[in-house]
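Asker: Sharing a structure with you now.
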Amino acid sequence: YSGKMNLLILFILFTFLPGSFMSSAIHRCFCKVTGSLDDCACDVETIDSFNNRKLFPQLQKLLSSDYFRFYKVNLNNPCPFWTDSGHCGLRDCAVKPCTPNEIPEGLKSSSYKYSLEGNRDTEDCEMAEKLGAVNSSLSDETRLALLDWNRYDDEADRFCMHDDEDSPDSQYVDLLLNPERYTGYKGLEAWKIWNSIYEENCFKPYSVKRPLDPLVSNRGEFVHVFLPCLCVEKRAFFRLVSGLHASINVHLSARYMLDDNWYERRWGPNVTEFQLRFDEELTKGEGPKWLRNLYFLYLIELRALAKVLPFFERPSLHLYTGQTQQDRKNKELLLELLHMAKSFPLHFDETTLFAGDKKEADKLKNDFKLTFKNISRIMDCVGCFKCRLWGKLQTQGLGTALKILFSEKQIEALHQSSSIKPSFQLSRQEIVALFNAFGRISTSIRELENFRLLLSELNQ
């Protein structure tokens with residue numbers, strides 16, 4: 001139905017609108033997606049070249065490995081903000097969790113075995129069994145350090161809410177078998193999620209009260225009225241959320257169901273859907289600006305990867321799945337990727353954020369954290385399970401990136417101190433979310449190149 005409707009829309013555009021409308025389709029979607037980005041020293045073209053030619057292929061290889069493809073998530077959390085009206089009944093909204101036999105032995109909490117000398121009390125055994133990123137051949141000193149890490153409470157440093165991994169409702173999901181794509185989840189329920197995010201959780205003057213439809217009705221006017229008046233931190237926050245929204249819309253347009261019949265279900269890029277979401281004339285002039293915010297989000301997450309390199313360089317950290325040779329190759333590939341990220345010539349300068357009066361800056365940073373945590377909780381209100389899965393993963397990934405950016409001193413202290421208690425720690429869930437979330441952004445940038453080509457062919 002959706003595919004036929006888009007074909008009808010495309011027919012109307014070709015038939016009833018002036019020739020100049022269709023002849024400049026690529027211009028209307030990408031007219032502002034070029035040159036320097038606001039609040040940054042970087043430009044769109046540099047990001048396109050770096051991502052599409054260098055980083056994207058390596059990142060996809062890493063994300064296909066067992067360590068990064070399995071994500072533990074609770075999709076049954078109740079919505080904390082309003083009464084849930086029910087879940088999406090469409091078949092493409094469903095998520096297929098892993099069976100125990102499908103999960104690598106090294107990721108199962110009950111299978112972590114440690115060769116230890118001396119006595120171990122029951123508590124230490126139980127704590128050790130919960131660790132998800134360690135090898136079985138570690139020294140006692142390293143093992144004790146890992147136990148301390150597991151006890152380390154970094155709740156104050158987090159920018160998003162985390163699922164309880166020990167909950168019986170938490171299950172492993174194979175991300176490769178549950179890809180993010182168009183599911184048919186839309187209308188009032190989907191609008192309610194984005195409306196809540198933009199209206200209640202993106203810093204804006206209290207004078208802006210009217211309802212907001214993030215896809216069509218007032219989003220452009222909403223941004224135009226207040227965004228230039230915000231401080232750089234609040235402006236950055238809005239652009240991150242807008243960039244995440246744009247990235248999701250790119251994914252849905254790039255992996256759209258084009259054909260569904262008894263012998264085939266075919267997914268691929270839907271140019272009309274992309275135009276409806278980003279065409280300048282169909283979005284009140286805002287579509288290209290949303291794509292620019294996608295590039296801003298890319299820079300933020302890329303900067304986080306560059307900053308977290310010392311954490312992963314430590315010999316004691318292993319991407320453990322129980323497959324020794326493959327685990328070692330994954331660690332090498334990860335470090336290669338992080339060094340590549342660090343080599344990017346025009347990184348975002350995070351020191352420009354929260355750089356004013358210390359008391360005011362600390363309050364603003366705390367507001368920043370609380371607001372983003374609230375957004376991460378809204379993901380439990382998404383009615384489509386597949387959308388909820390990827391929404392939770394991507395908000396956790398962005399929250400982890402923000403945690404990294406504002407933990408610079410703790411990360412630097414990792415190699416300056418001999419203490420076995422770390423000054424900075426990431427759980428396996430945070431690691432998996434961080435790289436998969438960036439993988440989604442990287443894929444979006446790559447897909448834009450494809451949509452540019454398709455739109456140019458459309459105009460020939």
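Each Cβ is built from the backbone N, Cα and C atoms, and glycine gets one as well.
Curation plays no part in TrEMBL annotations; they are all automatic predictions.
Note that this is a predicted model, so its numbers are computed, not measured.
Not my notes, these are from TrEMBL:
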type: SIGNAL; residues: 1-22; note: signal peptide
type: DISULFID; residues: Cys88-Cys93; note: disulfide bond
type: BINDING; residues: Arg181, Thr183, Trp194, Ser242, His245, Arg277; note: FAD binding site
type: DISULFID; residues: Cys384-Cys387; note: disulfide bond
type: ACT_SITE; residues: Cys384; note: active site, nucleophile
type: ACT_SITE; residues: Cys387; note: active site
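Could you place the listed features in the three-dimensional structure?
Answerer: Of all Cβ atoms in the protein chains displayed, 21 besides its own lie within 10 Å of the Cβ of His245 (FAD binding site).
All protein chains considered, the CB of Cys384 (disulfide bond) has 24 other CB atoms within 10 Å.
Its own atom aside, the Cβ of Cys387 (disulfide bond) has 24 Cβ atoms within 10 angstroms in the protein chains shown.
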Asker: Check the binding-site residues Thr183, Ser242 for other C-beta atoms within 10 angstroms of each C-beta and report the one with the most.
Answerer: Ser242
Asker: Find, among the binding-site residues listed as Arg181, Arg277, the one whose Cβ has the highest number of other Cβ atoms within 10 Å in the structure shown.
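Answerer: Of the binding-site residues Arg181, Arg277, the highest Cβ count within 10 Å belongs to Arg277.
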Asker: Can you tell which of the disulfide-bonded residues Cys93, Cys384, Cys387 lies nearest to Arg277 (FAD binding site) in space, using Cα positions?
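Answerer: The answer is Cys387.
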Asker: Using C-alpha atoms only, work out the spacing between Thr183 (FAD binding site) and Cys93 (disulfide bond) and round it to an integer in Å.
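Answerer: Approximately 6 Å lies between the Cα of Thr183 (FAD binding site) and that of Cys93 (disulfide bond).
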Asker: I'm trying to understand the geometry here, so how far is the Cα atom of Trp194 (FAD binding site) from the Cα atom of Cys387 (disulfide bond), in Å to the nearest whole number?
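Answerer: Between the Cα atoms of Trp194 (FAD binding site) and Cys387 (disulfide bond), the distance comes to 12 Å.
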